[in-house]
Amino acid sequence: MKRDIPVTFLFAIALAHAAGFATAATPIEVPNTMAERVKPCVVCHGLEEKTGRGNYYPRIAGKPEGYLFNQLRNFRDGRRYYRPMALLLENLTDQYLLEMAVYFSTLEQPYPPPERVALLPAKTKLAQKLVNEGDPARNIPACTECHGQELMGTAPFVPGLLGLPRVYMIAQFGAWKSGGLMRGQTEDCMSEIAKQLTAEETSAIAAWLASQPVPRNSGPAAGLSAGMAERCAGIVHGGARR
Amino acid sequence: MRRRSAAAAILCLAGFAWPGMSSALTGAAPLEEKARAGKAAPAEQRRIRGAYLARAANCMGCHTARAGRPYAGGRSLSTPFGTFITTNITPDMATGIGGWNEEDFWKAMHEGKSRDGRPLYPAFPYTEYTKITREDSDAIFAHLQSLSPVSQKNPSSRIDFPYDFEPLLILWRAVYFKPGVYQPDSLKSREWNRGAYLVQGLGHCSACHTERNPLAVVRGAYDEDSSGAQIMGSNWYAPSLTSSAEAGSAKWPMGEIIRLLTTGVSRLATTSGPMAEVVGQSLQHLTKEDARAMAVYLKSLPESNPRPKAGAPALTEEVQKLFRQGAGIYKRHCQDCHGDAGQGAPGIYPPLAGNRAVTMNPPVNVIRSVLNGGYPPVTAGNPRPYGMPPFAQTLNDGEVALVLSYIRNTWGNRASFVTRAQVDKSREGIH
């Protein structure tokens, strides 16, 4: 992996003068780092309190790199719809998106405190059952089978489920279900599972997940079991779902 | 297969024509390709040359859908006249141009007519491509015919009433379109002529850049008086290449013009939106010689009558107060990158002081920059660009108007106010 060496660029201003542009001040110093290059992302995916913005922006730091890379390409190429990101990424190549994905996957960022959600005991039970056991009758595996025992994701393509805003998760389920513009058209194993869940189930799951604390010193699990890898072949092998 | 070898045979026969073409127009093929081409058979040489010319003309940019198969078409170009869907120009028999010959292709490029004689809409910039020589057209055709055929049927264009009325198009063509290959100017240098050929023909720069030209009739170039003015269906204004207050390069050093065109950034300007795409997909692939020729020509363009400037506001106490509010927003959200004196970091974060893109009228591009942010294109010369965050989610229309009015009127900049209504108009479709 490439390491960024902080260097500062200082440009001669003579040229600007030659061209008739009087720039009195010294150019600002810009660190030659990936952190500096992804500043545009951090306005939305950063740390600061997101109150008043619908608390909608998903966390990306520490997510598996393959997953992040796939999502970035999906946004740029219109397979997942969110216009501000599509516009931001439109001039960027796969190689640069991969660099961004690698950067965010290795970024350590404290998690927000769990959301405080009042959940009826029956709903809690419903959520926990699906998360830990799934529903074999409907061919729904436990969420943990793919998202890791700790729900912190599985490298390199399956994202973690903790530390995500509740409304964000509900929106994702909605998108998979309606097969609409946002996420429905991606051929991933997740969409089949999401389509089978009822609205009651998804709202219970989202509320429960959002209210769970994130385990300390935890990261994505190592790999999927053969069965789950098979089920997610489109992502695991395609990687590039072109 | 049979078709391919037949095509190759035709190309071989015709292949002898091009080495004798007007020397003013014979541009350099990329160097290593040239070396290869030197040894290759004439048909192969021509194909390689055609691939280079197609890049310079950015055929692939329009004829490829997002993340789609190259040249298989399907990209939609929305214009105020309807949505055009580009065609499949791979050599597929049923859905592409596999059944076409050089003559058919020349008719499309030179006369803007499809194989069946149907007049084409100038959303396909044949109005500029008509300047391309027959030899270059044949070379591009040879390149296209050498691609693997892709079977892909694209939806048809949806052209709005009354523009879908063919006689109207025929009339428009009769009045505004004159087919004709570029004629070298014998008083000018070979390099200048090559540049003119690239800019006027292959590069089809004026398809976007010419203001109030005949194309406005069909393309909707920006017109200040018309509401909802659009360029190619978006709120972009393509500045004039002959005005130094806009995108003219008469006063620029050669090196900076070349740098902007081939890397997407320079110390004096940055490309964004449609121009970033042109640089990323097409201009960055130009040979050094061709990029230079283009710059020589652009630099030589005489200054046109600048469009009347919408006046800068008088600096009354009232106005100063608004600027102070704008300055506050600038300090909080912009200064980290663009500097306390708008000096930026040339080549990385564009300077805003003395930047004509900032003071340009109409201010649509700067409004877009602030609402949507963006990265300049990734190019070989600027492989890891820095970016600008979108502010559509953080600042309201009034705040965007204030900060823009401020940067247009400080550090020596002077330009008209940006109004809340102008910002609002640009927000369309942004959430």
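Quick reminder: no glycine exception, Cβ is built from N, Cα and C everywhere.
Automated prediction, rather than curation, is the source of TrEMBL annotations.
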- Out of A:MET34, A:MET85, A:MET190, which does TrEMBL tie to the same heme c 2 site as A:CYS143, A:CYS146, A:HIS147? A:MET190
- Message: Restricting to the record's heme c 1-binding residues (A:CYS41, A:CYS44, A:HIS45, A:MET85), give me the longest CA-CA distance in Å as a whole number.
- Response: 11
- Task: Rounded to the nearest Å, what's the C-alpha distance separating A:HIS45 (heme c 1 binding site) and A:HIS147 (heme c 2 binding site)? Just drop the number here, would you?
- Result: 21
- Message: Is it possible to get the count of other C-beta atoms within 10 angstroms of the C-beta of A:HIS147 (heme c 2 binding site)?
- Response: 23
- Could you state the CA-to-CA distance between A:CYS146 (heme c 2 binding site) and A:MET85 (heme c 1 binding site) to the nearest Å? 27
- Could you count the residues of the domain 'Cytochrome c' (A:129-213) that DSSP puts in helix, in strand and in coil? 45 helix, 4 strand, 36 coil
- Among the binding-site residues A:CYS44, A:MET85, A:CYS143, A:CYS146, A:MET190, say which ones reach under 8 Å of chain B by Cβ distance, listed as they appear in sequence. A:CYS44
- Item | Local confidence of the prediction over the domain 'Cytochrome c' (A:129-213), expressed as mean pLDDT | 89
- Task: Compute the C-alpha separation of A:CYS44 (heme c 1 binding site) from A:HIS147 (heme c 2 binding site), stating it in Å without decimals.
- Result: 24
- Query: Across the listed heme c 2-binding residues, A:CYS143, A:CYS146, A:HIS147, A:MET190, what is the farthest Cα to Cα distance, given in whole Å?
  - Reply: 11
